[in-house]
Amino acid sequence: MINVEIIKNYSKWREHKQINKALIKKITQKTLSQFDNFSEIKQFELSILLTNNEEILTLNKQFRNIEKATNVLSFPANELNWQDLRFSGNEIASSNKPIILENLGDSDYMHLGDIAFCYDVIYNESYEQQKTFENHFIHLLIHSILHLIGFDHQNDTETKIMENLEIEILAHFGISSPYLLIK
């Protein structure tokens, strides 16, 4: 089960009714199902902030010391490393090591973290990249969840693994690779 708390701090988000708890739960479940490590956890929690340029700028400055609006910020609740994850049924990358859950407390429950999305940046990017707002949001949600569970894109190898996972999950929802449009 996935519990999602959504805070909408910007009225423009209300124009996109299909971006709701049900969609976020479905995307989160599909993303987590890519890894055997999470199959034993019965309950996940995720907090979502849907906001605007002003608030995301403040958050980006406060937490990353970057004075610029961005499309999304991810705040993991746990220090996980993607290299400790066991991939379910794909050959993207694999480890036989169990993920370390002892420091998380109750292994039946996992708070994934918090994600803040900026309407204005996502809207502009989707327009520039000729994508629907919803498809771009879904891609960014998958990308952010991967960050919450320890993925990063600090080098070419990690970037490729992350992008391949995103493409695979997006395809499940009938969404084309976002990287074909921007590369």
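Heads up, the Cβ atoms here are built off N, Cα and C, so glycines get one too.
Swiss-Prot has this to say about the protein:
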type	residues	note
BINDING	His143, His147, His153	Zn(2+) binding site
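Swiss-Prot feature annotations superimposed on the structure.
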residue: His143; record: Zn(2+) binding site; contacts (Cβ under 8 Å, 6+ apart): Val72, Met162, Glu166
residue: His147; record: Zn(2+) binding site; contacts (Cβ under 8 Å, 6+ apart): Ser74, Pro76
residue: His153; record: Zn(2+) binding site; contacts (Cβ under 8 Å, 6+ apart): Thr159, Met162
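Compute the center of the Cβ atoms of His143, His147, His153, which mark the site for Zn(2+); besides them, the chain residues with Cβ within 8 Å of that center are Ser74, Ser144, Leu146, Phe151, Asp152, Met162. Taken residue by residue with DSSP, His147 (Zn(2+) binding site) is part of a helix.
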